[in-house]
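So TrEMBL has the following annotated:
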type	residues	note
DOMAIN	62-97	domain 'EF-hand'
DOMAIN	101-136	domain 'EF-hand'
DOMAIN	152-187	domain 'EF-hand'
DOMAIN	189-224	domain 'EF-hand'
SIGNAL	1-16	signal peptide
Amino acid sequence: MVKPILTIFLFQTVFSIPLNRSDILDNDHVQLMPLERDGEINEKFRQEMIFSHNLDTTDTKQLADSIREMFKITDKNEDGYLTTEELKSQIRKNLEDHLERSKNDSDAFFEIIDLNKDGWVTWEEFEPHFDNMHRNDHDENELLQDHTEDPHRVEDEKRMFNRSDITRDGRLDKMEWHIFLHPEYSSQGLVEIVNDLIDVYDKNNDREISQEEFVHGIPGSIDESNPEFEKMEEEETKRRVAEFTTEIDQDSNGKASFRELYEYVDPQNFRRASKEVNDIMMLTDTDNDGKVSLEELLERDWLLARSSLLSARNGLHDEM
């Protein structure tokens, strides 16, 4: 099965032609969604919610500076502590800001693609930009390898373009264009994302994803030549089991329904974000006073850089 390509608009600054594809389109990653489009767990989910920007978590100074900046912004009453409600309020604001930024950026991109300024974008107008951005971001060998691995790349992208055309008139208005670039912020786009995930995982064609399919349904990303392969593979299995049982399978019947998957990937469903905050408070509030200080967060900064609660708890166990 050809892996679906859902277009995503990720750049956060004003840009000018020529465009570089890596600034605009990403084949797999969708910010503020717990799963990548290829079925992998989004490793940056927690940090995207809390910091609302990308950071290199291996850079301890950058991570510490980001925590200090986040703490200052989130501590509304300036008492030197963060409460659960303050953290939830800040994450909700981060989600709203990201939604607004994505809308503004897609509008700006729309104006660049809509060359005849008729208020619509056709595939014929977009295709040259898509092809040029892809070429600008890859050398000749990479392009040859990409064509070999996915000879239907353009066809897949056109399919995504066409299914964003809600009015079926062969062109996208600004609302449909936003759905094309940011499917995660529309009900239509989320339906397609969930269907794509089911296509990736569902092996018995029952249109549900079982725990077994979620845990073992896609090839692992761990290099088998790594001497720690078996240990890492075991940890990855535990992590995916925990993700399925605690985050996706709400009725605990061993299967993820369409509704459960929809609620799981919806960035505007605050349940997942709220749970992440509760987990962070539980693991960082060392004196159990119902609030966390900057020192407590800095002491366990690695917790804020991980998306998996299982990984966080394992790290805490190792530390203790």
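Each Cβ is built from the backbone N, Cα and C atoms, and glycine gets one as well.
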By DSSP, how many residues in the domain 'EF-hand' (101-136) are helix, how many strand, and how many coil?
27 helix, 1 strand, 8 coil
Please spell out the DSSP helix, strand and coil residue counts for the domain 'EF-hand' (189-224).
19 helix, 2 strand, 15 coil
Write out how many residues of the domain 'EF-hand' (62-97) are helix, how many strand and how many coil, based on DSSP.
27 helix, 3 strand, 6 coil
Would you report the average pLDDT that the model assigns to the domain 'EF-hand' (62-97)?
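Taking every residue in the domain 'EF-hand' (62-97) and averaging pLDDT yields 89.
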